[in-house]
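S.K.: According to Swiss-Prot, the protein carries these features:
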type: BINDING; residues: Gly328, Pro329, Asn330, Thr331, Gly332, Gly333, Lys334, Thr335; note: ATP binding site
type: DOMAIN; residues: 702-777; note: domain 'Smr'
Amino acid sequence: MNKKILETLEFDKVKALFEPHLLTEQGLEQLRQLAPTAKADKIKQAFAEMKEMQALFVEQPHFTILSTKEIAGVCKRLEMGADLNIEEFLLLKRVLLASRELQNFYTNLENVSLEELALWFEKLHDFPQLQGNLQAFNDAGFIENFASEELARIRRKIHDSESQVRDVLQDLLKQKAQLLTEGIVASRNGRQVLPVKNTYRNKIAGVVHDISASGNTVYIEPREVVKLSEEIASLRADERYEMLRILQEISERVRPHAAEIANDAWIIGHLDLIRAKVRFIQERQAVVPQLSENQEIQLLHVCHPLVKNAVANDVYFGQDLTAIVITGPNTGGKTIMLKTLGLTQVMAQSGLPILADKGSRVGIFEEIFADIGDEQSIEQSLSTFSSHMTNIVDILGKVNQHSLLLLDELGAGTDPQEGAALAMAILEDLRLRQIKTMATTHYPELKAYGIETAFVQNASMEFDTATLRPTYRFMQGVPGRSNAFEIAKRLGLSEVIVGDASQQIDQDNDVNRIIEQLEEQTLESRKRLDNIREVEQENLKMNRALKKLYNELNREKETELNKAREQAAEIVDMALSESDQILKNLHSKSQLKPHEIIEAKAKLKKLAPEKVDLSKNKVLQKAKKKRAPKVGDDIVVLSYGQRGTLTSQLKDGRWEAQVGLIKMTLEEKEFDLVQAQQEKPVKKKQVNVVKRTSGRGPQARLDLRGKRYEEAMNELDTFIDQALLNNMAQVDIIHGIGTGVIREGVTKYLQRNKHVKSFGYAPQNAGGSGATIVTFKG
């Protein structure tokens, strides 16, 4: 898009509004490079990124990014083979740290579905080894001792030598106190010296490094520390050499990853920019607009971002509408309306949020052109009219159906009659070429053009005749009218003069009366619309609050359920462990006394959960009422425990059901829906175990035929427990064939029971698939 429109609309000032929300220099650079695009996929991506970041902020309102400096130049130097200094390494260290924090944040992020942002988070690289290498550089700007063993050794020796120097000097301070001007150790030329009185300079052997301005003090490095100081100087040289070697070595390690680190820095900046956009949305109540596919524009309560206390207006530029002509006097806000439309489009096509209400839509234009303000050139000696016309001629040669055109005071600066005619001719040319145009003018002739011409619409800026001030409200569909008579009358002009003037333009008065009626209708519609918007805003706030509360309740519910599951698992584990111990004790005894059996049964009973009476539970009763049977439902006949399907309902309310090969007529109380079986309260029945003797030891048989499914499963559970208590090796379970429901339940139960060694169907002469023989572990 041409740079001139960005300058005219002051787009750089708009971008500056986002700067306070940025945390990184990379994000700042990307913001400054931001420009509008006509590529729909890029705009959609930017909109999707903002929406996902908004969702992220709902779950993580304090999401932040570590501040980083620009490292493009640093990475370029690395790629060129240069070695980095400590300050440059610290910049890289900061970027790697920011990258790692973002990766950790993304890994731990929950309850947010990301697509576009996920791509950026997942593209960040992980450099654990490099991060370890860069720990050698302290944030204060020095290399740590642990950077290398040699550096640590050199610094230990320096420390020891410096300690010796201090000890020697402290001794001399005490011994030669009368020879010194003051009792301190001074420093000159990087050497530790004593401030000796000039009269005693020959009393202390050493090297003179300085003399005070008065000549009374001579700074002498005692001979006892000269050798130590020279050793320290040599060690300092070794230290500098080792630090250079470390810088070179780490530069070589980082060099192969320079491009990846630079890319990570760009991603960090991009995420920072998206974050800044959302912070702007929160601060200014901005929105992410919808994207129109046909250049349709619908802006709801749109504001100019650079105007303080700007009045919000609605603008609708339909698909078929080619021109909106804003008529009326100056100083009413017409130019601001032009800029608001243009700037909103530029912001949206740059991937920025707009200052409007939810539901706003923007189009996509390849170019936006504008002729706004007095751009005459003094050097070219052009008049206002010539300047505007030169610009318009240039624009008319460039615009096409994919352009948006903004024209301020079209035809101004020349004879009104000729200017109006020229303005209409230009608008007609643009209309025929189907170029969307918004134009302002104070020529009344263009009102008629807007009314009579298809696909052209009048508009105006509201003027309050009571206060004699513009309200800056945009009234689309209502042409502007001159308020000269009302203003003159309120300012004190004679009513006679005003009356004479009004009689001379009776025809215009008729038009003004029509316009006045339109204004009143528009104002009434606007009031109703404002009320609707207030209700919508309240609903949105309530919806957000309810959604937040719902999410919090869900999280709390899940937390409580997890706790309950853990507690239940612990109880079950404890119960199983205790029951195993009881059974183990029973198995270890060859003969059991009656009272021991009773005690063991009592212990096992204590392990069973307490019964809960659900018959009075209103929630379950209500749920049961809701589950009305219908044709096609699977049922279980209570008297037989057989499974069937409802085929029809008789007039008397009874049901016909197909149970296997048998057709039955049942009342609703005689069957249960299959899906409700799990909800019925468990009823435990006493099961009698019939012992019989054989060569293999005691055996027992349980007959489940004719039982309901739940009843059969409860009896089976009790039967197996008693069989284990009686130390039986094998039992028979008769379940019949039927629909196979009970047989399947028996099989699943035996598969779960860890005391069962094996099980299988009985021989054909003993019941076949209608009975199961169970063998227990010894």
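Glycine is no exception: its Cβ is also placed from the backbone N, Cα and C atoms.
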S.K.: Let's check the environment of Gly333 (ATP binding site): how many other CB atoms sit within 10 Å of its CB?
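M.R.: Counting Cβ neighbours of Gly333 (ATP binding site) within 10 Å gives 25.
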S.K.: Restricting attention to the domain 'Smr' (702-777), give the mean pLDDT.
M.R.: 84
S.K.: With DSSP as the reference, give the number of residues of the domain 'Smr' (702-777) in helix, strand and coil.
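M.R.: Taking the domain 'Smr' (702-777) as a whole: 35 helix, 19 strand, 22 coil.
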S.K.: Since the record lists Gly328, Gly332, Lys334, Thr335 as binding-site residues, which of them has the fewest other Cβ atoms within 10 Å of its Cβ?
M.R.: Thr335
S.K.: For Thr335 (ATP binding site), which of the three DSSP-derived states applies: helix, strand, or coil?
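M.R.: In the DSSP reduction, Thr335 (ATP binding site) maps to helix.
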